[in-house]
Amino acid sequence: QGGDDTYLCINEDHHVHVSTAYLKGRSPPVLDSENALEDVSWRLMDGVLQCSFRRSIRLPAYKGRFNLDASYYIFLADGEASEGGLIHKHRHQPLITNGMYNVTGLPQDIGGSRSPRLIKAHGALMFVAWITTVSIGVIVARFFKPVWSHSFLFGKEMWFQVHRMLMLTTVMLTSISFVLPFIYRGGWSQQAGFHPYLGCTVMALTIFQPLMAGFRPSRHAPRRQLFNWFHWSTGTTARILAVVTMFLGMDLPALDLPDPWDTYTMIGFVAWHVSIDVLLEIHSYWLVRKVEVIEDDRVQILQSLTSAEAEGRLFKLIVLTIYVCGNMVFLIAFLAAINQI
């Protein structure tokens, strides 16, 4: 807001004052000394405030009043007022029309949104990255090495190529999404709490992961285990912080998804991911134990290993398919919620 033609309806002790004002920057509105409104009326019923008035299309004698024979974006903000009619900053993002409209035209349902498009895109891209691509990429790298160990794609093992593709997609989506709030705000936001600080940390870890992977030692090198530990710990830290950041971001005024639906749905996604992870861990442990208890006969051991690998491969592919479908359900739910605000 800033440089806007403003009309205020202020409820003070069940009496409503309707007046004109002018907004400059993000400072409180400056009330006009003279009121250019006519036929003012209002109604307060069941907590709903309605105001109506008339004014001339052109008011050259009044500074700050726009000509109404042009098209404008329309803002609708609501908030609290204290004694004396002093209004406070609105707690929620204003409802803003999606396009410019002429207020003197025929009445129509013009619609609007409380969330700017850049912030919507920011949230949508982050959900795609951290609910879908990174989660599936981690599952593939952790449990599908033995499943796709003999399958190759472009000269590399398939599990590695799928993992790398999903993780690079995560880096790309996160990087694009990261800059959008700065473009919208024109800099750093002082009113977003810990969300931007955690977001910057996640962005740094997201960039660090592929850089570290570029210096990965060979499979049998002495430092390979140290690399594996750092790669896992950095990725796990980034994922945990990303979930916390999304929890905080969903309730910020610029997005403000439906509450408490957003919190419960995100908790559901975390529980879904952890349950699939635990299920695959138990399955992997069960396969190892199944092979260990076989009697000490080389031919029978080889046959049992082949049977166990085939059985494990089918189970893991079924679980992966179910997991991807479940992730898509959570992703579509969040994207639909973003589209509706």
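Positions of Cβ are set from backbone N, Cα and C atoms, glycine also.
On a predicted model such as this, the values are computed, not experimentally measured, just so you know.
Lifted from TrEMBL, the feature list:
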DOMAIN    1-79  domain 'DOMON'
DOMAIN    84-283  domain 'Cytochrome b561'
TRANSMEM  124-144  transmembrane segment
TRANSMEM  165-184  transmembrane segment
TRANSMEM  196-215  transmembrane segment
TRANSMEM  227-249  transmembrane segment
TRANSMEM  261-280  transmembrane segment
TRANSMEM  317-338  transmembrane segment
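Under 8 Å from some Cβ of the transmembrane segment (165-184) lie the Cβ atoms of residues 116, 118-119, 121-122, 125-126, 128-130, 133-134, 136-137, 140, 192, 196, 199, 202-203, 206-207, 209-210, 254, all in the same chain and six or more residues away from its ends. Contact counts against the transmembrane segment (261-280), taken as Cβ pairs under 8 Å, peak for 317-338 among the stretches 124-144, 196-215, 227-249, 317-338. Secondary structure of the domain 'DOMON' (1-79) per DSSP (helix as H, G, I; strand as E, B; remaining residues coil): 0 helix, 38 strand, 41 coil. Highlighted: of the candidate stretches 196-215, 227-249, 317-338, 317-338 has the greatest count of Cβ pairs under 8 Å to the transmembrane segment (124-144). Using the rule of three or more Cβ pairs under 8 Å, pairs at least 6 apart in sequence, the transmembrane segment (227-249) is in contact with the transmembrane segment (196-215).
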